[in-house]
Amino acid sequence: MLRECAESLVDLFAKNRIVKIKAKVTSGLGEGRIFVSLPYYMEAFNKFLGFQPYPGTLNAVIYDRISMENRLLLDLSRGILIPEHKEPNRVLGSVKAFPASINSVSPVAVVIPTRTTHPKSVVELLSPHKLREKLELEDGDEIEIEVYL
């Protein structure tokens, strides 16, 4: 109940709001590629986000307080909910997503899986583009993410 109230208040004050997150590109473990490539998630991301994602995520680590506060604001915002999916041998967890851009490139989505091994300081990004190539990014490069609430 309290969480729903907080989400409603954030939504009320954050309509058409853009929050900025500064982060540094980092390598992941390759798990994003595995999950994004699953047929359920591929179809769901296309349906809910409006694009077929590149099979993998770009990971970035937040390095400043304001960006971390903005990232935590996403936890209190509704975003686009991609529901969990039950398969015979497993349950694919739900994902909250937010439209975004990186260094003015879009479409991009910040994705927050319900089940993750990443700390909240790691941001996962989806796009139809292989963002590392499109933006010529290497580990340690700074990016600015604009997230549309």
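Numbers here mean position along the shown chain, with the first residue as 1.
Using N, Cα and C of the backbone, Cβ positions are placed for all residues, glycine too.
As given in TrEMBL:
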type    : residues                                             : note
DOMAIN  : 25-147                                               : domain 'Riboflavin kinase'
BINDING : G28, L29, G30, E31, G32, R33, H129, K130, L131, R132 : CDP binding site
BINDING : T57, N59                                             : Mg(2+) binding site
BINDING : T116, E124                                           : FMN binding site
Most Cβ neighbours inside 10 Å, all chains, among the binding-site residues N59, T116: N59
When distances run from the Cα of G28 (CDP binding site) to each of the binding-site residues T57, N59, T116, E124, the nearest one: N59
Sequence-distant neighbours of L131 (CDP binding site) in its chain (C-beta under 8 A, six or more apart): Y54, L58, I102, V105, V108, L125, L137
Composition by DSSP (helix, strand, coil) of residues within the domain 'Riboflavin kinase' (25-147): 33 helix, 44 strand, 46 coil
Between T57 (Mg(2+) binding site) and H129 (CDP binding site): CA-CA distance (Å): 10
Lowest local Cβ density (other Cβ within 10 Å) among binding-site residues: G28, G32: G28
Number of other Cβ atoms within 10 Å of the Cβ of T57 (Mg(2+) binding site) across all protein chains: 26
